[in-house]
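Colleague: My questions all concern the structure below.
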Amino acid sequence: MAAMSDTTRNRTFPHGNDNDDATAPPSPSPPETVYYEGCPGCAMERKKENNTGTPYKEFFYVGVTTLASALPISSLFPFLYFMIQDMHVAKNEQDIGVYAGLLGASYMIGRCFASLFWGVVADRIGRKPIIAFSMFSVVIFNTLFGLSVKYWMAIATRMLLGSMNGMLAPIKAYSVEVCRPEHHALGLSVVSTGWGIGLVVGPAIGGYLAQPAKQYPNLFSENSIFGRFPYLLPCLFISLIAFAVLISCIWLPETLHMHKNLEREVEMVGDSRAAPHREVPHPEKSLYKNWPLMSSIIAYCVFTLHDTAYSEIFSLWAVSEKKYGGLNFSSKDVGQVLAVSGAGLLLYQIFVYRHVHKYLGSIISSRIAAALSIPLLATYPFMTHLSGTKLGLAIYFAAVIKGAFATTILTGTCILQNSAVSQNQRGAANGISTTAMSLFKAIAPAGAGVLFSWAQKRQHAAFFPGDQMIFLILNLVEVIG
């Protein structure tokens, strides 16, 4: 146990004056925090107490780890349409969206069943082991997905990747445990930034590197491994990034308290003749009865449903032909749009979001961003009538602004969730959030795929024909949120 002189926090002493009775007993001292040697959580608490600045190194680890975990989630969207075509499972072109939606949903179905488990385990054995294992699973299963030539293999590998990648719940808890309370918003915005950038850079990687023998015939031949497995290169590239992050986890500090599962123990120091007294923490109330937590999770799930459906629909809509109301983009064009969106998102999080949160707070900023997203989405169906520079400016601007709005909403709800619980429940709370969110994310691409296929078949309907109906439904979900 550390010496008392090292653990005293804000100790005060009784004040006397000349008129006081000399025999008056001294007032009791406030409690002192006791740090346990060998406890990583205590070591982190002591470090935060001694260093009042922003923990940039820890935030860097949080950001790159979150980015590597998020990259494979949506990296398949730009080439998903062509992958389903190559697997010859759809009877006609209009049915591709159904199969694409089921494949896109498989990752979230796997994560839905496992997220709460990983959150509880992270509260037992620590954040670091779960983060490292999640990176290992990305390396293995994302590579296997790139080697998939059958639809069942693609579904199986994506589902296993989702169930074994349990990093999201621990990393959210970790991001607020490595910093002081005044930096919690910044810590969670780092997670949202890494996650948001991963969700837009991943598709950019998929768009640029998929089908390399067709896109770059001078570098890759049809007889090479990347010609026989046209979707291996983007998956392998992402797996190499995850492997590098896995190695860096060696230097990742643990934050969980590991002395009898107590977050903090307090020793009351009073009269030197009295035996020291230890306060035992009261049992925490059920997370399911914690309304501030559950209400923020509900809002988080609704907006997650919207953003996941938007991501899939955007990619399918952009690559579909003009006669179906799309933009007739190539997978490379979609990747380029998403890459620019990711760059704009990074600049927004670094230079703008902290000021938005400071002046508006989590709730007001989320409400404003959701309200402004509605008229923005309403403009998308009319972009099919544009071409050339006008189309480029319109789609790039819309994608960047939509990404900033989504990040504002999701970061705000994450802050509310982590502020509603104490540390020893934070992993489980984020596990519940991730489980519920994964369920909605599983529904979103499957529903979006079915919706997209249905809209493709009603181009000449009188009421919101074709893609206008798609974006109308997206806006209705945003209104609910």
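A Cβ is built for glycine as well, from the same backbone N, Cα and C atoms used for every other residue.
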Colleague: Among 155-174, 455-474, where does TrEMBL put the label transmembrane segment?
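Modeller: Comparing 155-174, 455-474 with TrEMBL, transmembrane segment matches 155-174.
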Colleague: Among the recorded stretches 59-84, 155-174, 229-252, 368-387, 393-416, which has the greatest number of Cβ pairs closer than 8 Å to the transmembrane segment (96-118)?
Modeller: 155-174
Colleague: Please identify the stretch among 130-149, 229-252, 368-387, 393-416 with the greatest number of Cβ pairs below 8 Å relative to the transmembrane segment (59-84).
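Modeller: It is 229-252, which has the most Cβ pairs under 8 Å.
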Colleague: Count, for each of 130-149, 155-174, 337-356, 368-387, 393-416, the Cβ pairs lying under 8 Å from the transmembrane segment (229-252), and report the range with the highest count.
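Modeller: Out of the listed stretches, 130-149 contacts the transmembrane segment (229-252) most.
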Colleague: Which bits of the chain, at least 6 residues beyond where the transmembrane segment (337-356) starts or stops, bring a Cβ under 8 A of a Cβ in it?
Modeller: 78, 185-186, 189-190, 192-193, 196-197, 200-201, 203-204, 207, 318, 329, 365, 395-396, 399-400, 402-404, 407-408, 411
Colleague: List, by number or range, the same-chain residues at least 6 past the transmembrane segment (130-149) whose CB is under 8 A from its CB atoms?
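Modeller: Result: 65, 68-69, 71-72, 76, 87, 118, 121-122, 157-158, 160-161, 164-167, 170-171, 174, 229, 231-236, 238-239, 242-243, 245-246, 249, 252.
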Colleague: For the transmembrane segment (186-209), I need the partner stretch with the highest count of C-beta pairs below 8 angstroms, choosing only from 155-174, 297-317, 368-387, 393-416.
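Modeller: Answer is 393-416, with the largest number of Cβ pairs below 8 Å.
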Colleague: For the transmembrane segment (297-317), give me same-chain residues lying six or more residues beyond its boundaries with a C-beta closer than 8 angstroms to one of its C-beta atoms, as numbers and ranges.
Modeller: 74, 77-78, 80-81, 97, 100-101, 104, 108, 199, 203, 325-327, 334, 366, 370, 377, 380, 399, 402, 406, 409-410, 413-414, 417, 432-433, 436-437, 439-441, 443-445, 447-449, 451-452, 467, 470, 474, 477-478, 480-481
